[in-house]
Every structure is written in C-alpha cells, then in structure tokens.
Amino acid sequence: MKRQFFALWPDADLRQQCLQIMQNIPISLARPVTPANLHVTLQFLGQVNPDQEQALLAAAETLCISPMSLLFDQLNYWRKPGILCLSSHNYDNQVSILAAQLAAIAQDNGIQLDQQPFRPHITLARKAHAALAIEFSPISWIDHGFCLVESCSGNDGVVYKVIQRWELTTVPNS
C-alpha cells in the first residue's frame, strides 16, 4: 500500500516565490517544509493498493478540464494541524471542479475520503505555534496540469514523489 494524493505541482519559479516567504519564518516559530515538497493538495487519498492505483491512473486520463489559476494572497495559521500556509480565496472555479472530479474517482475505486471541504493552500511550515504577519507579494499560480503523488517516509523526513502528471486540457489525455 502506498500513501498517495492528487496535487497541483509548482514550477521552479513558483517554488522560489514560496521560498522567499518561507525565509521570513523564524525557526523558533515553525519547521519549514522542504521546498521540493511544496504543492497544493487537490485530494488526499491515504493508503492506496496497487489495483486502486492503476484504476486511479486510468480514470485520471479521462478528465477534461481547462488550465486554472489561483492567487495565493494570505498567510494563515491553522492551529489544529499546526501549520503556516498560503491560502487562496480568489481562485478559478475549475480548481474546485477538478478536486471534486478526483474525489469522485477515488470514491468510485473504494477509497474512503476525509470529508473536509476543499481549501486550496500551500503548506509552508509545520509544527507552528502561532500566527505570523509577513508582508509578501501575492503569488499568482496558473496551472496546466495535476499529479498523482506518493508520500514516502525516510530517515530525513517525508519525500513526495510524483507518480504521474497529466496536462489540463479540454479533450481527454488518453
């Protein structure tokens, strides 16, 4: 079984913009996320068996959705998970549609999902103790694809590995 999720994956420029904000987070306040792990979770899947993974890969190929945009303009502290994250309240409805389609694919393949509402965000730091006010330029994220990602635990922490990426298109990927 693999621990997996669907995500939007940033390019190098977006990752660098996030890193500039992260450099202003004091280590005493929170533990920064490894820059290579920055992403926007579209749908957390949890433990996925090989048959489910193959079904997810095949179903994701059939999705037709236009490229989408998000504007990350707020730095939030979410106390319960203890994270500092960039959030987007100004985003293309296509993002919510894609998240809902991916949730339906997961449920159709026997994956039990957390019923949390979709809130697009980029986790910048974990184990946060308090809110932090940092001035930053909003990050405009225009995305042309989404990924299936595996979460791998190791001695140096968690590493996210992209299993497959699909381009957003108005015609099926297959």
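For all residues, glycine too, the Cβ spot is worked out from N, Cα and C.
Annotated by TrEMBL as motif 'HXTX 2', the relevant range among 21-24, 25-28, 121-124 is 121-124. Note on TrEMBL: of 39-42, 139-142, 147-150, 159-162, the range annotated with the feature motif 'HXTX 1' is 39-42. The active-site residues in question are H39, H121, and the one with the fewest Cβ neighbours inside 10 Å is H121. Secondary structure at H121 (active site, proton acceptor), taken from DSSP and collapsed to helix, strand or coil, is strand. Long-range contacts of the motif 'HXTX 2' (121-124) within the same chain: residues 10, 18, 21-22, 25, 32-33, 38-40, 72, 75-76, 83-88, each at least 6 residues beyond the stretch ends and with a Cβ under 8 Å from a Cβ of the stretch. H121 (active site, proton acceptor) sits 8 Å from H39 (active site, proton donor), counting Cα to Cα.
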